[in-house]
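The block underneath contains the structure these notes are about, expressed in structure tokens.
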């Protein structure tokens, strides 16, 4: 048994021993000439070429012996191409494949385009009716393309009308009796219509759909609707569905149309036609309404977005406007206060200022601390000499005496001697006279003020207008944060306050009693 050349186990690669190159031995005649070696090489090449040519010739002879037409390419090329096409058809699985859904989609697109054109035409017609006789004198231009379009539209309407009439005539649901249904039975029994086989039904459906896709004529649509009507009627009776050839179907459709034409011409047919048109118009209106609602929703969405953006911008503008109004209002108030201060300062006469100062002095004298101090001085005066008492009574204001209670006055009268009472009575008399003089002078001053105010009122108003214009021009130059109150405004405000207090005190007809 011969051992196989296959090895098993661990095989380690072994380096083959490299063949030692033959050493070039130096030749005595090496450099003489190379003619002999070159002639040998060329002879060797020629021999190899002759050998190859001889071998190819032998192979060609052998092939020709086997098949004489092996080298006739032009004659065989057409057959080779046919074989290639057949193989490709087998691989692809049949002839050219036709699209399944695109024809229906294209048909639906065409219908939608036509509906849109009709809507546009109605809209244009309404606009023309609204215009009335406005452009009646103008010349109307109609192109040939538009005329062609109108012609096609008219043909389309007529075709739809014919289809609707045919459908109304052939539809079992729209017929009063089952005469059309039984006519199919009669035609099938007589032999005018061929009863289709159940097995060939699917194939015929496929062929009819292909034919309809190739040429969507009104007759094919009528056949399809007729077959649908028959299928509805056959569900009640038998499971026989009529599918017949194209010529017989056309003849039958024409015959049925002729038979049912009296019914379509009658009032009942007109009523059905009207109902169908109303349903169609209603569907168009619903579609238009849905589109209008969708557009309205889109518009409202865009409006909401814009309104949100506008509200943000409007809020910023409103806040900025409020700030500007507040600043302008503050500026106006300051200008008004400055004008009033200037007017009051100018209106106040020297007499008013003197009266304000006197009222300030009296108010200081009437403070609680001063009254307490006066009481202490009264007690000290009892212990003092008659001269001091007389001086104190002279210096003392009538208001202090008025402030004393009746008990204190009686006690003082009892304590005093007759000699002491005489100078006191004189002092009281002088004080009363002084008070009367003061009240008279105040009344005179008030009357003088009223008369002077009434006289100078007109002149002051004119001056005030000029001064306010000048002051407003100057105040506009003043900074917003500048100090508005000056020494003059403060003093004028104080003087006015004192004048009011003094007038209030003078107008009182009673004396306020102070409790101990």
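Note that Cβ sites are derived from N, Cα and C of the backbone, with glycine treated the same way.
Predicted, not measured: the structure shown is a model, and the values here were computed from it.
In Swiss-Prot, the entry for phosphoserine among 33, 202, 233 corresponds to 33.
Of the given residue ranges 84-110, 111-137, Swiss-Prot assigns the label region 'Disordered' to 111-137.
Mean model confidence for the coiled coil (358-401) is a pLDDT of 58.
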